[in-house]
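Enquirer: Structure in structure tokens, see below.
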Amino acid sequence: MQPASEANQRIARISAHLHPPNLQMEESAGLRRANCRAKGAAPGFKVAILGAAGGIGQPLALLMKINPLVSVLHLYDVVNTPGVTADISHMDTGAVVRGFLGQPQLEEALVGMDLVIIPAGVPRKPGMTRDDLFKINAGIVRTLCEGIAKSCPKAIVNLISNPVNSTVPIAAEVFKKAGTYDPKRLLGVTTLDVVRANTFVAEVLGLDPREVDVPVVGGHAGVTILPLLSQVKPPCSFTPPEIDYLTSRIQNGGTEVVEAKAGAGSATLSMAYASVKFADACLRGLRGDAGIVECAFVASQVTELPFFASKVRLGRTGAEEVLPLGPLNEYERAGLEKAKQELAESIQKGVSFIKK
Ligand SMILES: NC(=O)C1=CN([C@@H]2O[C@H](COP(=O)(O)OP(=O)(O)OC[C@H]3O[C@@H](n4cnc5c(N)ncnc54)[C@H](O)[C@@H]3O)[C@@H](O)[C@H]2O)C=CC1
Ligand SMILES: O=C([O-])CC(=O)C(=O)O
């Protein structure tokens, strides 16, 4: 048997690791948390959420806490992480949850992470475009990516903060500057466009949305969101009015939610769902599962643009293969030209923000 003092020291060490001092709760008399028999985290992936106390961050944290592939979940924000962390840490699922508050704790939040998900930043209000968020969100994304370059340069990054068409190029430039850029590991999250497309197409066809798969390529704003309705699975055909209706509804899905929320933000719940769907696919890829394909906004040679959203094959090192667009019909080719014009400007805006 170990001497009592040695065992107590070991427990104190583990407890300090599990509960950083700033987020430790008041402990009442009787059995203190320091005396619990915690053994630390089970095998699995370490995931950080930056912006974890926000509208997307909170349900995203909840869903990642349920994910059996996650062993450690770090919740970082500039406000309210102690409460969110205390709340989520009581869920009886496997992942160990730790909270981090404010810029001085950013690096600590990121050390050792396999996957970093970034929903930090301001959302739209009615009348705004995603590009109107650039002024505030560009700087937030730069700071967070500088932290990633320092503390977990090999992590896969899932970037949610808008405007995604510009924030992904910003992140790439930050990583290039730091000498850590690996295009396979930087993925802009466009899954919500696919989730919406599957839902709306299923409604029109009278199918179960879980049976429908619509590739959505291009980017994540207005006309850059390009659903490829000619490639829907299961194979089907649409009338011209159905194509116009579906394309417009998918491209304006975000605005539909912004207007319905009437000033209280943009999509959070469907986005948390979409983000977890994508993060889970990334983790299964990291684990070595074969045949995992999702749409994402990545560095690409599929068009002449340096970044483009399309189907990618996820594996142990991230987006291991960017798949070709496949055959497009005339309607989609016209949409692609429009998408590319707007995308080129948004990408350049992001690059210049760091290079200026
Ligand atoms: N890629 C996509 O499909 C989607 C992207 N979004 C975008 O996601 C972002 C977040 O949206 P919501 O969660 O609704 O906003 P929110 O305002 O509810 O939450 C954002 C959180 O970020 C935090 N934050 C701000 N500055 C930070 C910093 N420097 N470091 C860490 N955290 C910081 C805030 O404290 C807040 O808790 C927005 O930019 C929104 O446009 C939203 C929906 C879909
Ligand atoms: O529309 C917004 O501002 C949020 C977003 O990106 C989406 O819901 O697709």
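Using the three backbone atoms N, Cα and C, a Cβ is placed for every residue, glycine included.
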Enquirer: Let me know which member of ASP77, ASP280, ASP289 TrEMBL also records as binding NAD(+) at the site of GLY51, ALA52, ALA53, GLY54, GLY55, ILE56, GLY57, ASN137, ILE160, SER161, ASN162, MET271.
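Expert: NAD(+) site check in TrEMBL: besides GLY51, ALA52, ALA53, GLY54, GLY55, ILE56, GLY57, ASN137, ILE160, SER161, ASN162, MET271, the record includes ASP77 out of ASP77, ASP280, ASP289.
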Enquirer: Taking Cα atoms as reference points, rank the recorded positions ARG124, ARG130, ASN162, ARG196, HIS220 by distance from ASN137 (NAD(+) binding site) and give the first.
Expert: ASN162
Enquirer: Select, from GLY51, ALA53, SER161, ARG196, MET271, each of the binding-site residues with a Cβ positioned under 6 A from at least one atom of ligand 1; if none does, say none.
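Expert: Only GLY51, ALA53, SER161, MET271 qualify.
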Enquirer: Around the Cβ of ASN162 (substrate binding site), how many other Cβ atoms lie within 10 Å? Please give the count over every shown protein chain.
Expert: 27
Enquirer: Give the subset of the binding-site residues GLY51, GLY57, ARG124, ASN137, SER161, ASN162 lying near ligand 2, defined as CB under 6 A from any of its atoms.
Expert: ARG124, ASN162
Enquirer: Reported in the order helix, strand, coil, what are the DSSP residue counts of the domain 'Lactate/malate dehydrogenase N-terminal' (46-188)?
Expert: 67 helix, 30 strand, 46 coil
